[in-house]
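Participant: According to TrEMBL, the record shows the following:
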{"type": "DOMAIN", "residues": "51-123", "note": "domain 'Inhibitor I9'"}
{"type": "DOMAIN", "residues": "146-583", "note": "domain 'Peptidase S8/S53'"}
{"type": "ACT_SITE", "residues": "Asp155", "note": "active site, charge relay system"}
{"type": "ACT_SITE", "residues": "His224", "note": "active site, charge relay system"}
{"type": "ACT_SITE", "residues": "Ser546", "note": "active site, charge relay system"}
Amino acid sequence: MASMIPILLRCSLLLLLLVQSTHSSVTLTQKPKNAMAEEHKQLHPSTSDTYVVLTNHLAKPSKFDTHERWYASMAGENSNHIRHTYGTVMHGFAARLTDGEAHRMATVPGVSLVYKDRVYHTQTTRSPWFMGLHDDFGAWPDAEFGDGVIIGFVDTGIWPERASFNDAGLGPVRSTWRGKCVDAPGFNASLCNNKLVGAKSFLTVELEGGGLLTDPSPRDIAGHGTHVASTAAGSEVPSADLFQFAGGRASGVAPMARIAMYRACNAGCFASDVIAAIDAAVTDGVDLLSISIAYPAEPFYDDLLSVATFGAERRGVFVVLAGGNKGPTALTISNVAPWMTTVGAATTDRVFPATLTLGNGVVLTGQSLYDTPFSQSQGAGMVPLVRTSCGEYDLTPDKVMGKVVVCSREAGASAGFEVERAGGAGIVSVQSTERFWDTVMAEPFPLPGLLLSSAGGKKLADYMSSVAYPVASFNFTCDTVTGENRAPMVAGFSSRGPNPIVPEILKPDVIAPGVNILAAWSGAAPPSDSDMDPRRVEYNIISGTSMACPHVAGVAALIKKRHGDWTPAMIRSALMTTAGPLDKNGRDIVDGGRPEQWKIELAIPQMLLVALRV
């Protein structure tokens with residue numbers, strides 16, 4: 001009997017969520033409202049002065065003809081500070097309040113809960129075929145390539161001019177669709193078509209000196225939203241690449257599905273904006289939601305994203321979310337509610353090899369997206385090696401001029417620009433054993449550079465400590481190699497279970513390709529994360545559970561097309577029970593860089609392979 005208590009408690013919590021979403025006066029917790037407001041004040045430091053106020057829909061006094069006027073009366077003199085109102089997946093509003101006003105708001109009749117705003121973070125060609133999709137048989141033709149299914153994305157916006165969003169061969173969107181594309185600065189509604197059927201913005205930006213302003217444009221200036229949208233539902237493009245890497249035909253997982261973008265993020269995402277975007281997407285009539293953001297797991301009643309997605313699923317909208325990039329540490333998984341489909345990241349069988357030959361003849365293989373053969377670049381031949389932290393103050397000309405810099409901490413392309421600025425000849429970054437294990441991700445370095453696994457980094461460190469004047473030489477072939485490495489494996493960075501909130505519910509649900517993924521990119525963002533990077537590209541290669549999430553959204557769109565009457569729970573069940581537990585060579589999927597016996601201990605979720613019927 002004792003073992004049943006946790007399950008009963010969680011069932012009670014789900015019942016409370018259900019009751020709240022049907023507008024009962026019951027709150028989501030048995031704590032007094034003042035105590036709950038105080039707990040939020042202590043546990044969730046403010047990233048703005050915005051609070052989200054959840055209300056009981058049926059408690060509106062009859063003297064108010066609309067909920068908006070009721071909310072304005074609650075806010076009082078702050079009524080002009082109301083930023084969003086919610087009326088589909090949950091009921092309430094977001095407003096600028098002081099802490100004292102928020103405390104008082106929690107005692108107002110009809111108020112269920114008051115949340116302090118917080119910031120969520122985004123979790124940043126070959127993969128459809130690697131997943132088992134084929135033009136002539138199987139899931140793609142059986143599901144008509146997802147034609148007509150509408151996937152909503154809550155992300156950084158979209159760059160509509162990319163070829164991945166052309167609507168060749170697509171008919172009009174269904175007549176029941178209520179979404180639209182907005183006219184805004186830098187974004188004309190005419191840019192939308194039968195592929196991009198909706199584009200709105202809910203993004204709030206912080207102004208210098210305080211205050212907030214809503215950016216009305218759904219145009220993507222970060223790249224992340226464009227990347228995930230084209231991954232899930234991008235139209236087929238005959239030829240796509242990044243600096244000639246990963247070149248070839250590119251396609252979204254559901255290439256005939258439609259895209260609706262709800263911009264709520266840039267560098268981060270305010271929870272209040274994300275909830276407004278979800279509310280609008282469900283109101284508009286999306287079939288699915290793909291949300292590549294994460295926040296440390298919290299009790300469901302304390303997590304706005306859990307509450308909002310619960311409301312979305314109750315209205316028949318399937319929701320898939322990124323599991324987070326905090327692995328390989330246990331108990332780091334995000335988005336753990338049972339109604340969420342939570343996705344971890346896996347490797348594919350595509351790599352971008354580059355080598356570093358040491359002065360003792362040892363050759364170390366890493367990965368790189370540097371696109372110039374080394375004989376044509378600066379510092380060709382054996383070059384002195386120097387180790388630094390690659391911090392801004394360590395990269396000075398007197399230390400690194402004419403040398404290959406070996407970073408003693410993880411460093412990407414942004415550090416490459418600092419090395420280049422200081423006159424360095426190249427850069428070598430070693431991925432942390434604790435952070436990535438042996439999952440090596442490629443970086444678009446601006447000068448000769450590569451990333452080594454932790455094992456390769458140890459060999460390099462041993463060599464450098466054994467000689468007085470260590471030297472090395474790069475070799476870049478600019479090749480894309482497929483089919484030679486073991487894949488898929490769980491990416492080292494992918495957040496791990498067990499579920500820290502409800503251990504009885506295993507998370508993540510599935511894994512999908514999330515390492516070195518090529519997809520469309522914003523024309524306003526560089527391919528690296530450096531402000532010093534002047535380059536602009538049409539396609540980019542990045543990694544993260546953010547990239548895995550839209551793969552699953554695309555597969556869900558295929559299932560939705562084939563089985564239009566299936567509920568979100570049925571779609572999730574189909575994904576989980578038909579996913580493949582074996583890699584491409586028929587062996588158990590394992591954790592990247594770890595012995596095979598770790599598989600059972602870490603409870604690795606199954607890889608999403610959809611060569612099966614949908």
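Just so it is clear, glycine is given a Cβ too, placed from its N, Cα and C backbone atoms.
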Participant: Counting only other Cβ atoms and using a 10 Å cut-off, which of the active-site residues Asp155, His224, Ser546 scores lowest?
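Facilitator: Sparsest of the active-site residues Asp155, His224, Ser546 by Cβ contacts within 10 Å: His224.
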Participant: Please spell out the DSSP helix, strand and coil residue counts for the domain 'Inhibitor I9' (51-123).
Facilitator: 25 helix, 25 strand, 23 coil
Participant: To the nearest whole angstrom, what is the C-alpha distance linking Ser546 (active site, charge relay system) and His224 (active site, charge relay system)?
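Facilitator: With the alpha carbons as reference points, the distance is 8 Å.
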Participant: To the nearest whole angstrom, what is the C-alpha distance linking Asp155 (active site, charge relay system) and His224 (active site, charge relay system)?
Facilitator: 7
Participant: Where does Ser546 (active site, charge relay system) sit in DSSP terms: helix, strand, or coil?
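Facilitator: Note: Ser546 (active site, charge relay system) is helical by DSSP.
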Participant: Averaged over the domain 'Inhibitor I9' (51-123), what pLDDT does the predicted model reach?
Facilitator: 91
Participant: So, three-state DSSP: helix, strand or coil for His224 (active site, charge relay system)?
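Facilitator: DSSP call for His224 (active site, charge relay system): helix.
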